[in-house]
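Below: one structure, written as structure tokens.
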Amino acid sequence: INMENRSSVKEFVLVGLSDNQGVQKICFVTFLLFYMIIVAGNLLIVTTIIISQCLNSPMYFFLSYLSFVDICYSSVTVPKMIADFLVENKTISFVGCMAQLFGVHFFGCTEIFILTVMAYDRYTAICRPLHYTTLMTRRTCSRMVVGSWVGGFVHSMVQTLLTSRLPFCGPNKVDHYFCDVHPLLQLACTNTYAVGIVVVANSGMIALGCFFILVVSYVVILVSLKSQTSEGRHKALSTCGSHITVVVLFFGPCTFTYIRPSSDLSKDKSMAVFYTVVTPMLNPLIYTLRNEEVKSAMRKLWRRKVGSE
């Protein structure tokens, strides 16, 4: 597909988070540190789960993919944003912009589906423990992960094709720090009402629908805990507490951004920082600080590494 066939705009200018030079320098240091934590923290989780023999349950299988997606998701937007803090001319080519749009929605939607799958895993483990091993086989888990990737790809293709086919012939300043559908729709030289409705129906309903499924699953889990022993209740609450924290941090801003036609892009930028930077950075901390098995596996691997040296 020739994405530039209806557009006279060959590149876009990203406005970024701020045009204040002092603020940009502070943001450069802050977001560089955040990105290093995102990559290092999530890589540590992926490596620990792959190497450690005791972390072989479906929950950790999904968690390793969640951490991998977090690295990819942030890498689509954050390095470009960090680099732009140091330059005056924050340009991105038309093709680069569409590629970034595709990446954001591909990895973002895949993360939504993986978080939903993880909630189903916790529901099955806590509410149907006798059937857990037969329901959550390795093949089933693999199919769920593949389904998450395929779902993310289909969603992203719809968003990217709809946006790339719009004519861009006038202003090229994108009021955001990365290329997203809402700020691009405002630059198109045509009526984008219908496309905007499709975007809300596509992105918004996926986010809201999955969020609703997650809330219902956790309510069912919490209700079922009444029949558990105090030890089982504590362990289940600890695990679910981590998941609920991630879900609220990710789905809240994401749903707010995509469930409505955007009128205030400055709010969208602030919200986007949460689901592209803050949540991927906090995921490793949330899942390790509240999980004794992961911490124990990390300590064992560390002692083995020190011992070998």
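Using N, Cα and C of the backbone, Cβ positions are placed for all residues, glycine too.
Per TrEMBL, these features apply:
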| type | residues | note |
| --- | --- | --- |
| DOMAIN | 41-287 | domain 'G-protein coupled receptors family 1 profile' |
| TRANSMEM | 28-52 | transmembrane segment |
| TRANSMEM | 98-120 | transmembrane segment |
| TRANSMEM | 141-158 | transmembrane segment |
| TRANSMEM | 193-225 | transmembrane segment |
| TRANSMEM | 237-259 | transmembrane segment |
| TRANSMEM | 271-289 | transmembrane segment |
Selection from 28-52, 193-225, 237-259, 271-289, the stretch that has most Cβ pairs under 8 A to the transmembrane segment (98-120): 193-225
Overall pLDDT of the domain 'G-protein coupled receptors family 1 profile' (41-287), taken as the mean: 85
